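Worksheet: the structure to be examined is printed underneath.
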Amino acid sequence: MLKEGSSLDLSASSSSGTLRSDNSFGNSPLDRITSLLILIYKSIRACFKWIYSKSFGIICILFVILDVLTTVFFKRFIDHTKNYVMFTIQVIIFTFWIIVCCIAILCFLFNREYMKRHFNVRPLVFLGFLDMLSTGLSANGSAHTSGLMLVLLGQISVPLTMVSCKLILSKKYHHYQYISSAIILTFAVLKPILNRTDTTDNRFYNNMLYLLASVPDSIASALREKQYTSKFFHVVKYQFFGFLFHFFYNILYTLLFTLPFNSVKGYFDSLYKLCVNGYKCIFFGVNTITENCGPTLIPTCDNCLEAFKIYCLYILFSSAIRVAYVFIMLDGSVTFTLLLGTVKVPLTSIAFSLRFIAGDSTTSFNLLDVVCFLGIVAGLLLYALGSKKIQEETDLLESPLIDDAESEHELLSTGTEKLMRSEICHDLFT
């Protein structure tokens, strides 16, 4: 029997004291703050893990939103500078080229190994020519085409791109995808056919120019997918040389576009006025053409007051959508990107009805846009089902009929059976 004050009692009392001191430390303010910070860190880490797991879907949603904003602000920018469309396009291309140059310099300073990677520039020569045709036609067409009509006419790119990918890339499509393309086009055209109350400036000639721009754009999209899926793809060099060729080709297009004049002097005068007055319009908001002009006349009156602010916002949204486009192309396809962009048809209509977004380019919105939206979503779902069917058929063709282990076992059993039969026959005839 132990006495009081023995070593065991002392050790027990000391351990209980230690336990009490540990509990008191666990409830200290500093420990609570540490636990709170750890909890916040784990929550943020879990959120980032969830975002990373859903990154493709999030990028697709951002792509649609940015696509809507880019379309709206492009139309607003053209509306404010419609008398200087070709100079406006040159300013946009040159701005993006400067941004890519800055990115290239940073990559050269901090990631030289990436910049040393080989990249074939030759395909971009033809791509730049196609981009020049597409940009020039769409820019001149959009000058007198309403914002919503731009989006609806642009949906012809979906079947044209599918045809281009089939001819150039030999891509296979499921019949569901062809049906979905027809559904999307039907609901895209439903809006302008049934709703003729749009009072914005729409000229048939400009509508046709914008429609024709889809032909070179669809061919360029198919060739661009070939570039993106190449193992030698270099995103920085691709953007650098792409904008460079596009810029010089667009100068050629501008020179050809301003040719129909009576004299050489008039030709160079028109080029001078295009550049100087366009520069004043975009960067200083100066209206040059204010007399003998009107909405139904050629030229229209200048409206350059907010051109520079709209230009900055357009560059911001367009830069962001290019980044999202790269990520989607690396994990998807150009046809999926186009079909994803068709969701913007009703969403753009909503955006054009909101004055704080569309500004002077505001148009009316009605319930027909909801019908178009549901129809386009149905087409997208059918396209996704067709993509799944194609993927299942591809996996079925690529997978072996018999697993390696099973085939090896079957060969072994067959060989053993043949050996046993030969031994039996040998025993019978000897």
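Every residue gets a Cβ built from N, Cα and C, even glycine.
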Return the single candidate from C275, C281, C293, C312 listed in Swiss-Prot as disulfide-linked to C304.
C281
From N140, N195, the annotation N-linked glycosylation site in Swiss-Prot is attached to N195
Do you know which of C275, C301 Swiss-Prot records in a disulfide with C293?
C301
C281 (disulfide bond) versus C293 (disulfide bond) - Cα distance in angstrom:
16
Surrounding CB atoms that lie within 10 Å of the CB of C293 (disulfide bond), all protein chains
13
Around C304 (disulfide bond), how many other C-beta atoms are within 10 angstroms of its C-beta?
22
For the transmembrane segment (307-329), which stretch among 89-109, 148-168, 174-194, 240-260 has the most Cβ pairs under 8 A?
89-109
